[in-house]
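S.K.: This structure is in structure tokens; I'll ask about it shortly.
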Amino acid sequence: EKMPRAFAQTMESPNHTNLDPSVFFLLGIPGLEQFHLWLSLPVCCLGTATIVGNITILVVVVTEPALHKPVYLFLCMLSTIDLAASFSTVPKLLAILWCGAGHISASACLAQMFFIHAFCMMESTVLLAMAFDRYVAICNPLRYATILTDTIIARIGVVAMVRGSMLMLPCPFLIRRLSFCQSHVIPHTYCEHMAVVKLACGDTRPNRVYGLTAALLVIGVDLFCIGLSYVFIAQAVLRLSSHEARSKALGTCGSHVCVILISYTPALFSFFTHRFGHHVPLHIHILLANVYLLFPPALNPIVYGVKTKEIRERVVRVFQRGQGTEFKVSE
């Protein structure tokens with residue numbers, strides 16, 4: 001398979017080769033360089049939607065005492081993680097798409113790699129916690145308030161942070177031991193773990209094994225537990241005698257199911273095509289990886305804002321307050 005011409009030229013360019021071992025160069029999307037400016041438009045839209053949507057969720061939940069419930073506190077954790085993940089990827093991605101500013105120091109590259117993957121692992125943990133929240137609410141509603149106390153919710157938040165950080169912490173150190181004797185050009189839009197590992201000249205088996213193990217521990221274990229919780233939820237719902245009660249119980253899970261599909265579907269596609277889709281074009285790999293990072297943070301607050309009545313009503317009330325204040329000032 002022929003290497004894209006722009007990629008080959010970049011590899012040969014003295015400005016982007018391995019002259020400085022402390023600098024990497026992010027190439028963007030090889031083969032689609034002519035579309036970089038156009039691709040920046042959806043990236044801008046998704047980045048803006050991420051910031052506006054998640055800040056709106058945080059403001060509404062924090063300012064409305066009626067929303068200080070476990071499910072909404074978990075939603076705040078999810079919004080915070082989404083914002084942090086977006087700020088760790090979108091600015092550099094736009095710099096690459098707008099003006100080809102792909103230079104990044106080795107330390108910054110490793111830091112970006114750590115934060116991107118750690119935030120993704122934290123988000124998976126929070127989604128698992130939200131599944132547990134729905135399980136308790138439907139299968140054991142009388143003990144809901146005593147099981148999911150503020151202390152337990154805070155501990156779950158700490159566990160999500162520690163789990164994501166600790167699972168990802170060895171990766172930068174494993175990469176530090178490698179030598180990059182051929183090229184520091186990363187054919188990607190961000191410092192993705194395997195994209196960096198593939199540039200190394202030495203034995204990369206520990207990196208590959210650890211990366212695969214960490215991904216399976218997060219995606220595999222969390223998806224299994226989420227699926228198990230919904231099996232129990234389905235059994236509890238089917239035991240309800242009233243059709244209205246069944247519909248109401250399933251309706252409370254609708255937003256969470258949508259968010260799970262939005263989060264895990266592109267992640268699984270990216271994971272499997274990266275490891276088993278050897279004949280899939282490189283730009284497809286990279287586009288899938290960017291869909292996995294950009295779409296869930298932008299769509300999660302929209303899903304909860306549209307499907308959750310309490311949040312929808314509070315958002316409308318906040319905007320009505322703002323319009324009322326503006327009207328009074330103008331008078």
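Backbone N, Cα and C define each Cβ position, glycine as well.
Per TrEMBL, the feature transmembrane segment maps to 35-62, 71-90, 110-132, 152-175, 214-238, 250-272, 284-304. What TrEMBL lists as domain 'G-protein coupled receptors family 1 profile' is 53-304.
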S.K.: Between the transmembrane segment (35-62) and the transmembrane segment (110-132), do 3 or more CB pairs sit under 8 angstroms, pairs being 6 or more residues apart?
M.R.: no
S.K.: Using Cβ atoms and a strict cutoff of less than 8 Å, what residues sit near the transmembrane segment (250-272) while being 6 or more residues removed from its termini?
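M.R.: Tertiary neighbours of the transmembrane segment (250-272) are 78, 120, 123-124, 127, 130-131, 134, 137-138, 215, 219, 223, 226, 230, 233, 237, 285, 288-289, 291-292, 295-296, 299-300, 303-304, 307-308.
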S.K.: State the non-local partners of the transmembrane segment (152-175) in its own chain: residues 6+ outside its ends, Cβ under 8 Å from one of its Cβ atoms.
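M.R.: For the transmembrane segment (152-175), the far contacts come to 70, 73-74, 77, 81, 110-111, 113-114, 117-122, 125-126, 129, 193, 196-197, 200, 206-207, 210-211, 214, 217-218.
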